[in-house]
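Features reported for this protein in TrEMBL:
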DOMAIN    38-258  domain 'Anoctamin dimerisation'
DOMAIN    261-846  domain 'Anoctamin transmembrane'
TRANSMEM  272-297  transmembrane segment
TRANSMEM  350-370  transmembrane segment
TRANSMEM  435-461  transmembrane segment
TRANSMEM  481-502  transmembrane segment
TRANSMEM  529-547  transmembrane segment
TRANSMEM  645-668  transmembrane segment
TRANSMEM  696-720  transmembrane segment
TRANSMEM  801-832  transmembrane segment
Amino acid sequence: LVLELNQVIIPTYGTVPDQQNLHTPEWVDFDDKPDSLFFKDGQRRIDFVLVYEDESKKMTHKRSDRKKQKRKRQVYESNLINNGLQLEATRSVLDEKLIFVKVHAPWEVLCMYAEVMHIKMPLQHNDLKTRASAFNWFSRLFRVDENIIKPEQEFFTAPFQKEHLSNFYIQDKDTFFNPATRSRIVHFILSRVEYATKNNVKKFGINKLLDTGIYKAAFPLHDSSFRHLSTDPNCPSERYLLYREWAHPKNIFKLQPLDFIRKYYGEKIGIYFAWLGFYTNMLTVAAVVGVGCFLYGCLKKDNCTWSQEVCDPSIGGSIIMCPQCDKECTYWNLTITCESSKKLCIFDSFGTLVFAVFMGIWVTFFLEFWKRRQAELEYEWDTVEYLEQEEQVRPEYEARCTHVVMNEITQQEERVPYTACGKCVRMTFCTSAIFFWLLLIIASVVGIIVYRLSVFLVFSAKLSQPISGTEAIRKYLTPQMATSVTASLISFVVIMILNIIYEKVAILITDFELPRTQTDYENSLTTKMFLFQFVNYYSSCFYIAFFKGKFVGHPGSPVYWLGKYRNEECDPGGCLLELTTQLAIIVGGKAIWNNIQEVLLPLVKNLIGRHSAAARSEKVVPRWEHDYHLQPIGKLGLFYEYLEMVIQFGFVTLFVASFPLAPLLALINNMLEIRLDAWKLTTQFRRMVPQKAQDIGAWQPILQGIAILAVVTNALIIAFTSDMIPRLVYYWSFSVPPYGSHSTYTMEGYINSTLSVFNISDFKNASKPFSPWFENQTTCRQVYRDLRYPPGHQHQYEHNIFYWHVIAAKLAFIIVMEHVIYFVKFIISYVIPDVSQKTKSKVKREKYLTQKLLHENDLKGVKKTMGKIADKIIKGADSTFRPKDE
């Protein structure tokens, strides 16, 4: 492909001609046909639109700068015409300073570049019989009406070759290349046409002209308004159909018309919505199971023995807990945590374990079935053997190419923006900057922790005191709960603010790196942004799940944070409920914030743009001017959509053991997200340049990495964050002899056995509370289940045998759970092939037809031609050697 580009495209880029040799667009007036997609002659289709501001009417630049800009634009347009494109210029109806240059690619140009770009075109109808699915009747209920959006015909395709034109399925030359393909070909040319030469370095491409402000916009046209059908009978009104049958909220439960989306927007947009739709469908199963586990916990809540003991006045009411902070806090009664213990029973149940195992297997099914679905789309959308086009160097990279080096492969001199030493300096600086900002994120998490420790002192001092009128509040709002909710809200606000900052920082660092191509740029930015977002969103959850309450010592010898703040302790039931609260606030708040932001920002911008266009309603405005006032989607438009969904995927999988309703929230969000994204594309944004995409790119390995990490995090949450393992150990080992006194396995006595006893006379002066109000008590219980020997024992305040049994059980559980799930994941990955047999058959059939139609016909022609030549040679030889007649 590179050789072909050098031989075919580069010679046709054009050179910088003299002023008198410039070709200019044909100037015409608007013909008052607002829905027309053609030049004024009504025959030539508009494939692309360029917009610039008339240099003679600009007042913001120097006259010399305006002349230079005009010269570059004129040279560029002249070279476009030299490349075979046809241009027609029209002045704006609403703003006389704006000029719209409409671009049309004739048949010959389309054929030449389609061959260079290896665009696959139809050979013949797909003649393979497809077996209808057993669920076809059910899925038909959710499909788009086929009478409105007709299913795309299936063809066997092959890379286009002009010399084999007769072998391709051509009914009409005007429709053989659809509008999306035409726009892609024209954009390919626009990106490679030269407009200036400076210091023997060629300047070329529409992107650089847009960046320097010579052109204000460049875009393909929407084919109609989204509100009504086009008045042009030659227009299919595909945009209107997409809005009505896809983007409208009434279609929230309908399947997406993916082939139609791909036809209009291209494969890159199509593959995103295909992935998002597939992910949402798979979430339905996870949401149903998650809701089932949640309901199971609700049903079992009233039979939760350890919660009943906490709420029992004769058991929990007689247990006095040690203060949770130094001096300011006082002793408190265990029954204060009654309501939180009931809520904890919902999430910390056997159903949670089942759901965690299920999600570890679900994520494997999701990724494996997506690979199969992706393989089907690769074939159907002609990206199976997609050849990467020669990607254009980014203008920012090209502008800094001042150093000359020798290319090891071509042995020719080429220009680069930095030397090997300079590249090392850049990479060192960028890596250091990344680590600095990651540490800054961690510092913000530390700040939240310090807030929690400081505010907990206040809540513990106020909420634990028997103040009149606060009984109803104290029943539901424990010091831990109050601290957790306020800290989670602050954490969410900090996360949203840091997101805005780190997005700009990541872009600045990537710009400084100066990647060569757009693909390199996106991959580099993807890595940084995901790393930032991962630490930003998940750090607080990791702290609550795996660090809070794990290193606190005991009342007589507490551990201090930063030498000043006493480490946080969990509720008597553990930190699981707090982790659930944190997840609910972040997941729910993030979904609401993102959806509001995605709807309001483009809508407000477009409303301002429409309001500023005076007298719009009084004049007939052409389609290209309507589209110009829409928002540009941006170079990284889909990047942020993928990032949002992958972060959500992490919440759904990494911490699902603590919040089984996470898949349900994600499902509801995604059902709205699909329609909101579709609404934005069809109503608020200009039409994107259609792009090829074989898969979801760098996001696939990121999803696989999250899936592997999720097994570990959920095993650790169940083992160390929840109270499930200590309860099981007590039930099977310590409720009956030799350690217990019950004759049968039971959970009775669990609370009394697991809350360690501490003698209040052993308090250090720095920790002793000022005003204890349980005057007759000589001992108190530790809030957390540290499982230590009581005072008076020869090993007092050291870990007892129960503790070591629990640790051994936790470690054994983690090893068993991880190995079982990983083994099942391996079996699933092995059993489910990445490409279905049906798709393999279609690929083989297509290759066979390509070989037969395009190559064997050539061989037959060669044989036929060579046969005629051989006959002539033989006849000539016979006449030469035949004896003359005497």
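Numbers run from 1 along the shown chain.
Quick reminder: no glycine exception, Cβ is built from N, Cα and C everywhere.
Curation plays no part in TrEMBL annotations; they are all automatic predictions.
The list of residues near the transmembrane segment (801-832) in space but at least 6 beyond its ends in sequence, with Cβ under 8 angstroms from a Cβ of it, reads 356-357, 360-361, 364-365, 368-369, 372, 711-712, 715-716, 718-720, 725-726, 728-730, 733-734, 739, 753-754, 786-788. Below 8 A, the CB atoms of the transmembrane segment (529-547) and the transmembrane segment (435-461) form 3+ pairs separated by six or more positions in the chain. Sequence-distant contacts of the transmembrane segment (481-502) (same chain, at least 6 residues past either end, Cβ-Cβ under 8 Å): 340, 437, 441, 444, 448, 451-452, 455-456, 459, 463, 529, 532-533, 536-537, 540, 577-578, 581-582, 585-586, 589-590, 593. Averaged over the domain 'Anoctamin dimerisation' (38-258), the predicted model has a pLDDT of 85.
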